[in-house]
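Novice: Pulled the feature table from Swiss-Prot, pasting it below:
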- GLU228: active site, proton acceptor (ACT_SITE)
- 40-84: repeat 'Kelch 1' (REPEAT)
- 86-137: repeat 'Kelch 2' (REPEAT)
- 139-173: repeat 'Kelch 3' (REPEAT)
- 174-219: repeat 'Kelch 4' (REPEAT)
- 222-265: repeat 'Kelch 5' (REPEAT)
- 287-336: repeat 'Kelch 6' (REPEAT)
- 338-367: repeat 'Kelch 7' (REPEAT)
- 1-19: signal peptide (SIGNAL)
Amino acid sequence: MNKTITALAIIMASFAANASVLPETPVPFKSGTGAIDNDTVYIGLGSAGTAWYKLDTQAKDKKWTALAAFPGGPRDQATSAFIDGNLYVFGGIGKNSEGLTQVFNDVHKYNPKTNSWVKLMSHAPMGMAGHVTFVHNGKAYVTGGVNQNIFNGYFEDLNEAGKDSTAVDKINAYYFDKKAEDYFFNKFLLSFDPSTQQWSYAGESPWYGTAGAAVVNKGDKTWLINGEAKPGLRTDAVFELDFTGNNLKWNKLAPVSSPDGVAGGFAGISNDSLIFAGGAGFKGSRENYQNGKNYAHEGLKKSYSTDIHLWHNGKWDKSGELSQGRAYGVSLPWNNSLLIIGGETAGGKAVTDSVFISVKDNKVTVQN
């Protein structure tokens, strides 16, 4: 079996000791997806539309190379993973044939050897947007994400309302003014076997599903960090999935980014240190929600975190800062550290740069 790596998995491959942050992305890049296979980084979708690019991190002249365009149309919030030398792309949010925004549950496969895409005859049993994907023992695992029916219905209503501002305000109030459990975010864990292209039930969270969580895995353990508990309301929760002994166990670790939490953060591991950085949220939303205001982020401004946290001795410590707050980029394992590609900053501005975060002796180094 070829080396299998997800967009957020940890790789211990040996890279050059003087590896630098990558060249700027060909276009401002946010809300897309990415993966790394051995020495080559792949990114695409999101603000790049249907475009995909690759970059050989070992090349002397590092540059992004355009690949065949994604055949499924522009997508936000898709996820991707490499398994046995092929890149798999799961779901996302885009336009259907009628031009309506919707959540997809499909799977596409990219073959790097032929630079070609194929849509698989495979559909997840639920929509995939805001979900996370990781690989364990040759299978892709998916959990979290919004409810497909509720999300699609919201955008169908907005489309029918058109420019009627009164109707739009009513739709938004109805959509956001509900309790977290009424959004039915996905708390199931699904597995996808690329050899059969079949989906299976693999378990479920004893707590609740999230959307826009950060995910990272190493060995038999996977961590889901923060994310939305409902539209506009984040959680500071951290969940650990432990596959040790082939018996999946769900654990809840100490919270981080408290009290409001963030979504779209970045996670990785460097020298066995678990890293969580960045993300976006609404300060004060958790207090509003606890005080009975379901539309918890109404009137609040989205803020972007600069914080870098390390998991150490059973708790999170703020151990550094990004040069600017950012969220909704791609996290990749690179050179035994965390590589962040793109993302958005204040005002939702997509960026082209990358950030490299490494840890040694519990000390954080940030390279821009």
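Glycine is treated like the rest: Cβ placed from N, Cα and C.
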Novice: Would the repeat 'Kelch 6' (287-336) and the repeat 'Kelch 4' (174-219) count as touching if the test is at least 3 Cβ pairs under 8 Å, pairs 6 or more apart?
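Specialist: Taking Cβ pairs at least 6 residues apart, the repeat 'Kelch 4' (174-219) and the repeat 'Kelch 6' (287-336) are in contact, with 3 or more under 8 Å.
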Novice: How about long-range neighbours of the repeat 'Kelch 1' (40-84): same chain, 6 or more residues beyond its ends, C-beta under 8 Å?
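Specialist: Beyond its ends, the repeat 'Kelch 1' (40-84) has Cβ neighbours at 1-7, 9, 15-16, 19, 22-23, 25-34, 90-95, 104, 106, 108, 110, 112, 115-117, 119, 128-135, 138-140, 142, 194, 212, 328, 330, 332, 334, 339, 341-342, 350.
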Novice: Three or more CB pairs closer than 8 Å, sequence separation of 6 or more: does that hold for the repeat 'Kelch 2' (86-137) against the repeat 'Kelch 7' (338-367)?
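Specialist: As far as Cβ distances go (cut-off 8 Å, pairs 6 or more apart), the repeat 'Kelch 2' (86-137) and the repeat 'Kelch 7' (338-367) do not touch.
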Novice: What is the number of other Cβ atoms found within 10 Å of the Cβ of the residue listed as 'active site, proton acceptor'?
Specialist: 26
Novice: Could you give me three numbers for the repeat 'Kelch 2' (86-137), the DSSP helix, strand and coil residue counts?
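Specialist: Its residues fall into 0 helix, 35 strand, 17 coil.
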Novice: Of the residues in the repeat 'Kelch 7' (338-367), how many are helix, strand and coil by DSSP?
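Specialist: Per-class counts: 3 helix, 21 strand, 6 coil.
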Novice: What is the average pLDDT across the repeat 'Kelch 5' (222-265)?
Specialist: 97
